[in-house]
Amino acid sequence: ACTGIENIDEAITLLEQNNWDLVAAINGVIPQENGILQSEYGGETLHGPAYGPTSHSTAASSTPSSSSAFRHVVPSRQIVERQPRMLDFRVEYRDRNVDVVLEDSSTVGDIKHILENELQIPASKMLLKGWKTGDVDDSTVLKTLHLPKNNSLYVLTPDLPPPSSSHSGALQESLNQNFMLIVTHREVQREYNLNFSGSSTIQEVKRNVYDLTSIPVRHQLWEGWPPSATDDSMTLAVSGLTFPCHRLTVGRRSSPVQTREQSEEQCTDVHMVSDSDGDDFEDATEFGVDDGEVFGVASSALRKSPMMPENAENEGDALLQFTAEFSSRYGDCHPVYFIGSLEAAFQEAFYGKARDRKLLAIYLHHDESVLTNVFCSQMLCAESIVSYLSQNFITWAWDMTKEANRARFLTMCTRHFGSVVAQTIRTQKTDQFPLFLIIMGKRSSNEVLNVIQGNTTVDELMMRLMAAMEIFSAQQQEDIKDEDEREARENVKREQDEAYRISLEADRAKREAQEREMAEQFRLEQIRKEQEEEREAIRLSLEQSLPPEPKEESTESVSKLRIRTPSGEFFERRFLASSKLQVVFDFVASKGYPWEEYKLLGTFPRRDVTQLDPNKSLLEVKLYPQETLFLEAKE
């Protein structure tokens, strides 16, 4: 309407050149010093709104700069052919995010094929949601949807079963049971029969009793709770109550009501910073809000469907609807909300390695607050805020509009942050919403660094986020140092354990080698002994089988042999000349020199007697009447 540009592709190109700043894009087309648009259609002059001081100059008197600033968008001019646009998609599925980059000439089916490979889900089972233009099919060309550069989508798989629950059957059964609590009001002697589910907390019971007896929770004096019920955030299923009926007694404490100063002192125990009191907010007209209409859009048109279903059983499904509805209301440029339970968000933000930890930002939405639309559209969806949150925070969201969802979050808040923080949120007025909680995880507890209310500005919100990051960064550096030192100690311990193990292995190997060597020596010694015993037995046997030595005065022919051993010793013996040579061999063997190992040599002439026939007589082998022989070991 302002520029006369009817080509949508050209308009999108100009907006991208100006980083999607509408005023800057219009000022780039229409000079601020001249509000008159020139057209070359028959010399007709088209008058448009002037962005700047009113000017009455004509087309002929316009400056060269203003003329050139408008000339490239006049329809009669030739437009340079546009290069294919690249579109970025951030697709969420349960606890995963997938980034997809495609040309605008691609189709929706191309996105599904890429997701099929990434998520391992058949494309036919996917429902790709988050489109601003309504329902699309797989053949729809992205260019026809006129999408911005950055887009956020999410995948639904209604035909696939959800992930299995980790709760045990017994605990789940207890959570589904109903407990009858018979509560006696001591002062008025009145009984109340109250039914609660096993998933209700002790704190919820006390708040309900406050509604019945007008005794504030902090002034209630109870009797009958089991010894195991030590924490108000504990559910009835695990508190040890008698099923199905349990009796309790409640009365008012005798101590006076706390003074305002004591109450304020107690509240300061939690490290919290609030933007302002509820009284500071007087009117929202400074934001352009006029009783239910935001920038010309009626509130009834913005709130066609709730941000989150009431009494949602699964927090992940509730947040999927929250994200889709948020995108449909405020556009696709918004924080990436964590899809999952609050406990899962804690795990993602606080319980990884110290270098990977982040702050947790909890956004509490409320449709009935006049600040909500302004905060979401101008602050929360600002590109600088979105970029800073995505880099440094895990962002989780919850809708506080419905009473059931509000009570559910307050229960979670009590369990994770304590009753003081829950009470602070409970006392917030509707017009003080939305709230932005900045949470930092510590070793023993979770600390609320800041509570930011809806009546703020982009700069103030960024300052609060940066201040929280400074506190977190200091703590993170300490955690990284502690983690590095712990890992270093563990590495040293592992190295020592490994060295000790190697030493034990070496000692065991050495001991086993020694044992093998001793066993081998023992075996060889046994063999040697057996051989010696065998040789000794043979020697004795030969010695006993020798014929008696003839006497010198014998009448028979006697041969006297003198035998020299290898060690130089001599031994002599007389033999009958008729005795066989074998008798001499047996005699030498009986002295420890078997003829298999030694040879018997003669001197003159030198000959090997052991080579002679042992059955011949000494006379036949010429060892008569006397002879000197010597022993020599065989090679």
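In case you wondered, yes, glycine gets a Cβ from its N, Cα and C as well.
Pulled from TrEMBL, these are the features on record:
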COMPBIAS  53-69  compositional bias 'Low complexity'
COMPBIAS  486-496  compositional bias 'Basic and acidic residues'
DOMAIN    554-631  domain 'UBX'
REGION    47-73  region 'Disordered'
REGION    476-496  region 'Disordered'
REGION    540-560  region 'Disordered'
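Listed as Cβ neighbours of the region 'Disordered' (476-496) (distance under 8 Å, sequence separation of 6 or more from its ends, same chain) are residues 353-355, 357.
On the 0 to 100 pLDDT scale, the domain 'UBX' (554-631) averages 89 in this prediction. Under DSSP, residues within the region 'Disordered' (476-496) fall into helix, strand and coil as 21 helix, 0 strand, 0 coil. According to DSSP, the domain 'UBX' (554-631) comprises 13 helix, 29 strand, 36 coil.
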